[in-house]
Amino acid sequence: MKLGILFGSHRSTVITLYNGSIGSSSALFLVIKLLHEAGIFFLPSFLLLSACSVLHLLRTFFLLPRGKIPHPLPDGYTCGITCGKSKTLSLEQITAEGNNQPTTEEVKDVPDQEKSLSECLKSRLFWWHLLWLSVMLLRHYLYIGTLNPMLQGLTNGDPSLVSWYTNVFAITQLCGVLCAPWNGLIFDRNKGKPSTEGESEQEADLRASVLSLFLTALQCVLFSVCACIPSLPLQYFTFVLEVINRSFLFGGNAAFINVAFPLCHFAKLYGLVVALSSVFSLLQYACFALVNGPLHGDPLYVNIGVLLLILLAFIHPLSVFLHCRSLASQRAISASS
């Protein structure tokens with residue numbers, strides 16, 4: 001996902017596209033399901049998937065750059081099997097570039113602007129973002145985990161209808177790769193436009209992320225409301241909302257970490273956020289036990305509880321908005337003094 005740096009003003013669009021591709025990969029299980037219905041056992045299908053993972057190892061060792069990709073990119077920088085400047089500089093160009101090197105004062109300013117990893121972990125942006133991701137991820141895992149029992153109940157156990165709706169749900173997952181770039185376009189919509197005087201690129205990107213974070217939370221609320229309604233035809237619309245929201249969620253998670261925190265901490269923060277949100281998602285098993293036990297198979301009250309929990313996700317875009325407004329106020333005070 002860090003390869004999005006190579007695409008300049010389309011950085012977030014590329015990052016969300018990668019995440020959408022990951023989400024669409026779940027449609028492979030439709031192929032496995034259809035093969036199983038045709039008489040092919042699960043074991044050969046999963047062995048084939050495992051063998052295909054060798055391609056990822058080859059790509060990792062032979063195609064991806066061995067070092068870090070610098071940001072911002074130097075002029076003439078290319079990335080392939082080898083990364084670096086693609087053009088040979090003349091003595092005059094080297095001399096000219098040497099004269100344009102930043103002064104000692106400018107160089108000393110750079111480390112002060114980049115936060116340390118511990119400062120990132122202590123920031124409100126990090127923890128509100130973790131909550132934003134965790135509650136919506138729980139909603140998606142809970143829906144997928146209860147999809148088959150829900151369809152069994154809505155179809156009165158008709159196996160052909162259950163199979164049909166399961167196939168439709170799997171097919172809609174393919175659309176994740178088409179929906180994800182929309183979120184990236186929201187992040188990148190201000191790229192190339194003149195920013196407010198004194199506003200940094202990171203601040204402009206943060207301001208652009210507010211709309212994406214809000215829309216993702218709003219989508220999840222609509223998706224949760226539809227999931228609470230026991231109507232079989234409505235599930236078509238619920239499937240569409242699920243795939244749109246999931247592509248926005250995963251893509252927006254990576255894109256926000258990319259713009260809100262120093263690039264040198266991206267991999268560490270991304271891995272930590274995914275790990276902690278996955279731990280939070282273990283609550284789904286408590287929800288399953290509650291549905292199968294005291295609630296006697298009726299998930300209505302659990303769905304309502306999760307819907308109320310999702311409302312906490314709106315705190316994150318509000319927090320980012322207030323953070324950007326605070327930065328703008330500080331900039332105005334500095335300019336007037």
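Residue 1 is the first one shown; counting continues down the chain.
Cβ coordinates are placed from backbone N, Cα and C, and glycine is handled just like the others.
Residues or ranges marked as transmembrane segment by TrEMBL: 12-32 (among others).
Summarising the annotation, TrEMBL assigns transmembrane segment to 38-58 (among others). Long-range contacts of the transmembrane segment (38-58) within the same chain, counting only residues at least 6 positions beyond its ends with a Cβ under 8 Å from a Cβ of the stretch, are 28, 31-32.
What TrEMBL records for 125-144 (among others) is transmembrane segment. Distant neighbours of the transmembrane segment (125-144): 213, 216-217, 220, 223-224, 227, 242, 245-246, 249, 253, 256-257, 260-261, 269, 273, 276-278, 280-281, 283-284, 287, 302, 306, 309-310, 312-313, 315-316, 319-320, 323; these residues of the same chain sit at least 6 beyond its ends, with a Cβ under 8 Å from one of its Cβ atoms.
Under the heading transmembrane segment, TrEMBL lists 164-187 (among others).
Residues 132, 136, 139, 143, 150-151, 153-155, 161, 165, 183, 186-190, 238, 241-242, 244-245, 248-249, 252, 255-256, 259-260, 300, 303-304, 306-307, 310-311, 313-314, 316-317, 320-321, 324 of the same chain, all 6+ positions outside the transmembrane segment (208-232), place their C-beta atoms under 8 angstroms from a C-beta of that stretch. TrEMBL lists 208-232 (among others) with the feature transmembrane segment.
Look at TrEMBL and you will find 244-263 (among others) tagged as transmembrane segment.
According to TrEMBL, the feature transmembrane segment maps to 270-294 (among others).
With a cut-off of 8 Å between Cβ atoms, the residues of this chain six or more beyond the transmembrane segment (300-322) that come close are 124-125, 128-129, 131-132, 135-136, 138-139, 142, 206, 209-211, 213-214, 216-217, 220-221, 224-225, 227-228, 230, 260, 287, 290-291. Summarising the annotation, TrEMBL assigns transmembrane segment to 300-322 (among others).
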Is the transmembrane segment (164-187) packed against any residues at least 6 beyond its ends, judged by a Cβ distance under 8 Å, and which are they?
10, 12-17, 19-21, 23-24, 26-27, 29-30, 33-34, 147-148, 151, 155, 205, 208-209, 211-212, 215-216, 232, 235-236, 239-240, 242-244, 246-248, 250-252, 255, 259
